[in-house]
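Peer 1: TrEMBL feature annotations, pasted as is:
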- D297: active site, proton acceptor (ACT_SITE)
- R299: active site, nucleophile (ACT_SITE)
- R220, L221, H222, S223, A224, Q241, E263, G264, R265, T285, T320, K325: GTP binding site (BINDING)
- C225, C236, C238: Zn(2+) binding site (BINDING)
- 178-341: domain 'GTP cyclohydrolase II' (DOMAIN)
Amino acid sequence: MGLKLSIWEQAARARADLRLGAVVVLVRGGAGVLAAGAETLPAERLDDLREAGPVDLAVTARRATTLKARAYDGDIARIAVDADYDLARIRATADPARDLSDPMKGPFHTRREGDAGLHRAAVRLAKQAQLLPAALVATLPSRKAAEAVAREHGLSLIDADALLAAEVNAIGMRPISAARVPMEVSERGRVHVFRPEDGSEEHYAIEIGAPDRAKPVLTRLHSACFTGDVLGSLKCDCGPQLRAAMKAMADEGAGVLLYLNQEGRGIGLANKMRAYSLQDQGFDTVEANHRLGFEDDERDFRIGGTILRRLGYRAVRLLTNNPRKVGMMGNAGLRVIERVPLQVGETPQNAHYLATKAAKSGHLL
Ligand SMILES: Nc1nc2c(ncn2[C@@H]2O[C@H](COP(=O)(O)OP(=O)(O)OP(=O)(O)O)[C@@H](O)[C@H]2O)c(=O)[nH]1
Ligand SMILES: [Zn+2]
């Protein structure tokens, strides 16, 4: 029957479940677990997890470093949640907000026996759901037992290997709608909305002027920055970059702006504000992401390449200072004929931020 959910559909549903505080079931080989977001799980469900089996808090190796917990599983650490751990302590372990004012209550016991594949998938789902990258994981006796729990309680059931494998392929993008939007910089504007086939956030392509598909088009891959784009925040250079890119396209008579909903370099606005709060405590933009348990950049720029190809473009002149964007466009089958620097909007408030990106994230000055 065609009613069976695809791995994308299962993952989209599980992301929504985690955001709500619901428990999902993950299976791999003969093993199965219950998994939940450390940030969202209600207190009464922690007792249910404990009844089901031994509970771990799965965090990234980045977060484990801050906690001084040993990560035996490469990118993941499995912290044993002892019986005396309450939810407040679990959340304080996952959330760095009070690392300084309320220093960690370690030492932590991290597991090294057994396999972390299910924990890795749980953290991956939490990241995709734009929650703190930390998951509570209760190990069940077997895959069969896990499947029975999923059936009995109507919980989402996902194969962990299929979830992690699905990310390897670039996501398909469906064009949904498009219309003319005259703008201040150019009366000839056209906004296209694309919907990813994995049910994640929509992205936009804005054609300015009259781009010729036979020639390399002036292009900007812009990641959403609510604070910079909308509020005019002085902490970053996003707003000035956005406007300068649009003006360059208008001056040239043609260009494509890709407005990608990857707020906070892919961690979402809630986590970005957590990162800003850490920056208020003295950490730089990269350290703040790491303390939260994220990489400094969690974006997948293949999205932009896929959209450009759908629109019929094959070669670009890319407005950016970020060499990773150039590399990823190449991976998505777009030829980058030229990198066009985009250095605007330096303020006293963002000078340190820009210097950090140059020193630690490879941005070109
Ligand atoms: N996590 C995090 N994200 C931030 C911070 N400051 C800005 N951002 C996000 O960074 C992204 C802006 O990056 P871009 O300007 O697209 O890209 P870039 O990597 O700086 O490369 P350029 O093309 O050279 O501008 C947006 O998604 C912002 O929301 C921060 O301190 N922490
Ligand atoms: Zn910004």
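Each position is counted from 1, following the chain as shown.
Glycine is no exception: its Cβ is also placed from the backbone N, Cα and C atoms.
Just so it is clear, the model here is predicted, and its values are computed rather than measured.
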Peer 1: Rank the recorded positions R220, H222, R265, R299 by the number of other Cβ atoms within 10 Å of each Cβ and report the first-ranked residue.
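Peer 2: Per the Cβ count, the most surrounded site is R220.
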Peer 1: What is the nearest of the recorded positions C236, C238, D297, R299 to R220 (GTP binding site), using the Cα of each?
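Peer 2: It is C238, whose Cα lies nearest.
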Peer 1: Report, in whole Å, the straight Cα-to-Cα distance of R265 (GTP binding site) from the residue listed as 'active site, proton acceptor'.
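Peer 2: Rounded to the nearest whole number, the Cα-Cα distance is 5 Å.
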Peer 1: Using a 6 Å cut-off on Cβ distance, which of the binding-site residues H222, C238, R265, T320 come close to any atom of ligand 2?
Peer 2: C238
Peer 1: With the GTP site defined by the record as R220, L221, H222, S223, A224, Q241, E263, G264, R265, T285, T320, K325, how many Å span the farthest pair of C-alpha atoms?
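Peer 2: Largest Cα to Cα distance for the GTP-binding set is 22 Å.
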Peer 1: Just jot down the residues in the same chain as T320 (GTP binding site), at least 6 apart in sequence, with C-beta under 8 A of its C-beta; none if empty.
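Peer 2: Set apart from T320 (GTP binding site) by at least 6 residues yet with Cβ under 8 Å, we have R220, L221, V326, R339, V340, P341, L342.
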Peer 1: Hey, how far is C225 (Zn(2+) binding site) from R265 (GTP binding site), Cα to Cα, in Å?
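Peer 2: Distance (Cα to Cα, whole Å): 9 Å.
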Peer 1: What is the interatomic distance between the Cα atoms of E263 (GTP binding site) and R299 (active site, nucleophile), given in whole Å?
Peer 2: 9
